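To keep things clear, I will list the structure first and then write my remarks on it.
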């Protein structure tokens, strides 16, 4: 990746440091530490991906690890306001769904690239659905509706650009539309309010406040 691609995130990070100085100067040092850690992690990932094809080769291995971490978060994670989304690693809190949200792209790309025969293409959709729905349901149980919806959108976009037969896609979309009422009644009240405020953001001081401000 060209070096100039690092300029926008660096400027955004610098803007965050300057703002933190005025609001919480006691957090600046830890913010700088996390920034340095992120930079080291970036160059490590860049080296592994470019020189070793590390993530593509070990995609399934990382998928299993992240799936186990999602289950551990749901069972043993730190609870706040009725939700368990963070795994306490003592020295920092890890939101496993955020990591999975990024890595699912690598994993699905690996699945799509391996389907070369007609039989593999016919069974591909089933593999993709199973390996995506299981972690998505776990994330929904945390509950984290926003991340779950993002994963579903990622799945939809990648499926549309894959070699999966269009007939299978149409059948799957039809089933999803039929199941939407059941999904709606299974949602929490605050989740329903977020969906309603997204479609019709009239409640400026209530459920739609955060969306309007963003």
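In case you wondered, yes, glycine gets a Cβ from its N, Cα and C as well.
Caution: TrEMBL annotation is automatic and unverified by curators.
Here's what TrEMBL has on this protein:
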type: TRANSMEM; residues: 29-48; note: transmembrane segment
type: TRANSMEM; residues: 60-77; note: transmembrane segment
type: TRANSMEM; residues: 89-112; note: transmembrane segment
type: TRANSMEM; residues: 124-140; note: transmembrane segment
type: TRANSMEM; residues: 146-164; note: transmembrane segment
type: TRANSMEM; residues: 169-187; note: transmembrane segment
Notebook entry, point to check: What parts of the chain pack near the transmembrane segment (124-140), using Cβ distances under 8 Å and only residues at least 6 beyond its ends?
Noted result: 63, 66-67, 70-71, 74, 97, 100, 104, 107-108, 111-112, 115, 147-148, 151-152, 155, 159, 162-165, 168-169, 172
Item checked: Long-range neighbours of the transmembrane segment (60-77), counting only residues six or more past its ends (CB under 8 A) -> 84-88, 94, 96-97, 99-100, 103, 106-107, 110, 131, 134-135, 138-139, 141-142
